[in-house]
Each structure stands twice: as structure tokens, then as C-alpha cells.
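To start, the structure under review is shown below, and the notes come after it.
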Amino acid sequence: GRQARGGRGAASRYGARLRDRGQDYRVDDKSEKETSFESPFILDWWIWSSETKFQCSVPRSLWLGCSNLVESMCALRCLQSMPSVRCLQNTSVMEDQNEDESPKKNTLWQISNGTSSVIVSRKRPSEGNYEKEKDLCIKYFDQWSESDQVEFVEHLISRMCHYQHGHINSYLKPMLQRDFITALPEQGLDHIAENILSYLDARSLCAAELVCKEWQRVISEGMLWKKLIERMVRTDPLWKGLSERRGWDQYLFKNRPTDGPPNSFYRSLYPKIIQDIETIESNWRCGRHNLQRIQCRSENSKGVYCLQYDDEKIISGLRDNSIKIWDKTSLECLKILTGHTGSVLCLQYDERVIVTGSSDSTVRVWDVNTGEVLNTLIHHNEAVLHLRFCNGLMVTCSKDRSIAVWDMASPTDITLRRVLVGHRAAVNVVDFDDKYIVSASGDRTIKVWSTSTCEFVRTLNGHKRGIACLQYRDRLVVSGSSDNTIRLWDIECGACLRVLEGHEELVRCIRFDNKRIVSGAYDGKIKVWDLQAALDPRAPASTLCLRTLVEHSGRVFRLQFDEFQIISSSHDDTILIWDFLNVPPSAQNETRSPSRTYTYISR
């Protein structure tokens, strides 16, 4: 009580002295409330007790809020439990005139809070029995089983206070950290360390190389940059196509490390690939391309109604009843297939056959290598407007308003499974997968049918005029109409997700992948749309169209595209190749690039 009164008196005298200095606050012995908080003053306070000496630098907002010494001590204990407490062991010997001058162990607690700090010195008198008792405890501890030791330590920790837990945590943390990447090779397990690091992306792999020389060695000897590039090529079509076009696929997927370049080659190759990909994306958005043109020069009637391509060839169906096969590199006509008595309106091919549909109402099957006619299907009463085939199933649609489903056992063994009827106008386009057959018609509707049972499922309504084109994949259907709009649909619920506006005439052809939609219309324009933005209802309509490409002088009938190019055909009797990969440096600052023209004159 005497110490408390002395403490309060000292505080009062100190507060009075501060008032003499003209400070804008005071200490009231009764209320002990702070009347102003404008001064950054820190109160230094010494407290003597029988065992402990405290030197406290306390923010006045804390100390002045305590009505007595007991509350002040409680406040100090609260501060001791803060995470910012640091314990420093002081080996110096402090002497006190009022206490025994024997050496004492000191523990300094420093509590930081901005400009404020609390330093508490705890001294425990050394006792002769402590060392003996500690050695005895350790002796018993060593004799116990591991489970008993853990149980004892848990019980011991539970009796400690918060700041002691913090010290134990700081002590244990470095003991629990293991550099397993360095440790595994020491045990002859290099392959495990390499396998762990092989899951890192490029940014993490760069950081891992900087950890230490051993990590860098594991990454280098494990050829992890090569494995990262191989993983991207296996999983991303853009990487796969780029590897083939740039030629670095020859350095990948080698069984023996000695068959290829060192790790440093792949380490330097990776940023070049990323730069290529960024350039391609920029070219798509800015419309920079290298344009190649094939002039078909049809003899009688002009127009290229349909096409499909791969890395070696382009196969096109023309209004003059012929099918022309072009070399994709030289752009020369390799072969002409004749046999249809009407315009070739649709086609699809694989590694074995070409299947074509014509305005002569027939479907013909051709050998893709020899050009020989293998089969002719006569079923529809009017022009065959579109067809698709995959995995032994073919679907055709016609101006006669019907849809025919065929089983394709072989090119020569094709049988009619079912005829789907329900549209009230010409069925212009069909698409399907293992779950649904999707058809679109001039009656303004899209109909969904079950692929397995051929039963009707639902109708998608929304277009104001007839629908000319459609693509279906996963849950998404994208359609183009003579109402000049493009609509995105969820096939499972039938909801229209977005309407794209921009074309000035009928939208005749449309394709999409994971990133973009590309559409062609009777206005002669090809538009590139941001698919991900179109699927986001928050995206403004003005941001959806990335670029409009204008090179055709007539209606755009058909197009296909991949990550690097668009190939389109038109009523102007041309096939255009829009190359977004091999853009000349001179065209990098231009929206449109120079084009070269190839003319084929049929003999």
C-alpha cells in the first residue's frame, strides 16, 4: 500500500511538473482521465518491489486510464501477451541498493507499439537446487518412452502462459523446417526431388533455381525446363501448334537426355515461347495478319460454299459442282473431284474419306487419297444443306425440312437409322455430340434431340428471323441468323446467355473455341469476338467485338480457324488465309498487312 501510494504520488508530482511545462494534458488523482491526446508524450515510470524492478515506458493513453497500481500492472501483463513481445536474455548483473547484491538472472521483455515500448526486467535469484532438480528431471525424461515424453511436454506446455508459448514456437520452428530437396539426393532419391519440382510453373521454377546451388543442380540435371515445356505441349493446343510451326518439337519427348540439348537450352527457349504467344494474342486483338489469297476462277458460276483444312491441305466445295483440293503451303490446286450435278454446299473429311452434300439432293463419299467415289446416298428430296459425322454416326439436314441420322459402319456400309421431323422450314445446319443433336432452321428455332434415342428434347426460341449457322460444344450453342445477330445459348436450360450485334447483314457462318468467336456474314465482313467476355453478363456490349476484318468483296459463306489463322471462303470466288503468326515486321505497326495472290485457272 505504501508503494502504491508512493507510485500515485510520484505520478501526481510528475503530472504537476508536466503542467508546469505547458503541456496540453493533466493527471487527475481521482478520475485519472486524460483530457487531451495531442502530445506524443511517453511516461517513464520506475516501480520497486521486493523481488522485481520494472522500468516501463508506457503510452500515457494506457497508463493514465488505470485508476491504481494494480490496474497498471494488469495492463503491463496484457502488453506482455502481445505478439510483438521479444524476450532478450541479459547476462549482465544488476545491483540494487535495497536488495541482496548477489548475481541474479535477468529477462528483458521489450514490447513495441509505434513510438511506445515497455521494457520489463525479471530477475530470479539463483537457487542451488534448480540445477540439481533440472538434471534429475532430464534424467527421468530420458528414461520414458516417446509417447510418455510427448504427453509430459504437452502437460508442461498447457501450464505455461501465452508469451512462453511464443518462445517455444520460435525455438521449434527452425527445428521443424527441412530442406527435403537437398536431403533427398543425399539419400540417393534424386528422382523424387525432381518429380516434386516438376509440378512447378515457370515463375515458381525460376524462384526455386535461386534457393541454393543444390536446388539449381536438381533442376538442371532433372531437365525440368524441358519437362515443363513438354507438359504444356501435351495439354495446350496453342503450345502444340507452335512447337510444330517453330520446329522446336524435334527437341521434345526424347527418351534419353543425351539425345537433346542441355537444360540451359530449354531455360532460354521458354521465354521465347511466351513472347511468341503474347505476339499472337496481340495480333488477334489488333488485327495484324499476313494475308494469302487463292483465286479459284470457277468457269461457270462463282462461289466457294464450304471448306475444311489441316496442316497440309485445304478442301473446298464450289458452286460449280466441283470439289477442289489445295496444297496449303504452295496454294496450288492438287486435285479436282467431280460427280455432283449441283453445287457442293457442305463437306467434311477425316483421314479416310470426304463426305459431301449437294443441291442435287445426294450425299457422296469419296476416298480422301484417290478421289474415287465410294458411296452415294439418296434420301433427301431437296438440297442437302449441311452434314456432320463422327465415331460411326452421321447426321444430314436438308431443304426438305428433315434431318437424317445415319450409322456409318464403313464408307461403303452406311444405313439410315432415323429421320427427325419437327422443323417447319429448311433445316440449314446440324451439329452433335454423344448427348445431343442440335439443328437450326429457317423457322427461327433451334431444336435439341437426344443422340442415343433420337427423341425430341427442347426448342430454343429467340431469333427474330431464320437461323443460318450454328456450332455446339459442351453446354454452349452459338448461332447466327438473318436477323443479323449472334446468340449464345445454354443447351441444358435453353436460356439465351448473350446477343451479339454488329453485322449489317445475315450471319452466314460461325465458329468458336475456348477464347473467341469468329463470324462471317453477307456484308463481306469477318468479326472476331471475345468469348469469355461475351459469357460475362457484366461485360459491356461495346467491348465484345475485338476486330473486324474486311478483305472479301462478296458474301462470306464459310470459315474455320485455329489459334494461328482464319481460312474463309466467299461468293467472290476466293479463299483467304489470315495468318496471325507469321506477320512481317513491317506489318507490326499496321492494321492490315500486305497480301500475296495465287490464281488457279482450271484447264
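Glycine residues also receive a Cβ, built from the backbone N, Cα and C atoms like all the rest.
Bear in mind that TrEMBL entries carry predicted annotations, made automatically and left uncurated.
The annotation domain 'F-box' is assigned in TrEMBL to 190-228. If you average pLDDT over the domain 'F-box' (190-228) in this model, you get 90.
Tertiary proximity for the repeat 'WD' (297-336) is limited to same-chain residues at least six positions away from its ends with a CB under 8 Å from its CB atoms, namely 244, 342-349, 354, 356, 358, 366, 371, 554, 557-558, 560, 567, 569-575, 577, 598-602. For 297-336 (among others), the entry in TrEMBL reads repeat 'WD'.
Look at TrEMBL and you will find 337-376 (among others) tagged as repeat 'WD'. Here the repeat 'WD' (337-376) has long-range neighbours at 301, 303, 305-308, 315, 317-325, 382-389, 394, 396, 398, 411-412, 414, meaning same-chain residues at least 6 beyond its ends whose C-beta is under 8 angstroms from one of its own.
Here the repeat 'WD' (377-416) has, by DSSP, the following mix of helix, strand and coil residues: 0 helix, 28 strand, 12 coil. Here TrEMBL flags 377-416 (among others) as repeat 'WD'.
Distant neighbours of the repeat 'WD' (420-459): 382, 385-388, 390-391, 393, 395-405, 465-473, 477, 479, 481, 489, 491, 494; these residues of the same chain sit at least 6 beyond its ends, with a Cβ under 8 Å from one of its Cβ atoms. The repeat 'WD' annotation in TrEMBL covers 420-459 (among others).
Here TrEMBL flags 460-499 (among others) as repeat 'WD'. If one looks beyond the repeat 'WD' (460-499) by at least 6 residues along the same chain, the residues whose Cβ comes under 8 Å of a Cβ in the stretch are 425, 428-433, 436, 438-448, 505-512, 517, 519, 521, 529, 534-535, 537, 544.
What TrEMBL lists as repeat 'WD' is 500-532 (among others).
Annotated repeat 'WD' per TrEMBL: 549-579 (among others), in sequence order. Nonlocal intrachain contacts for the repeat 'WD' (549-579), taken as residues 6+ away from its ends with a CB within less than 8 angstroms of a stretch CB, comprise 237-238, 241-242, 245, 280, 287, 289-298, 302-309, 314, 316, 326, 331, 505, 508-509, 511, 513, 518, 520-522, 524-528, 592, 595.
Sequence-distant contacts of the repeat 'WD' (500-532) (same chain, six or more residues past either end, CB-CB distance under 8 Å): 284, 287, 468-471, 473, 476, 478-482, 484-488, 539, 541, 543-550, 552-563, 566, 568, 570, 578.
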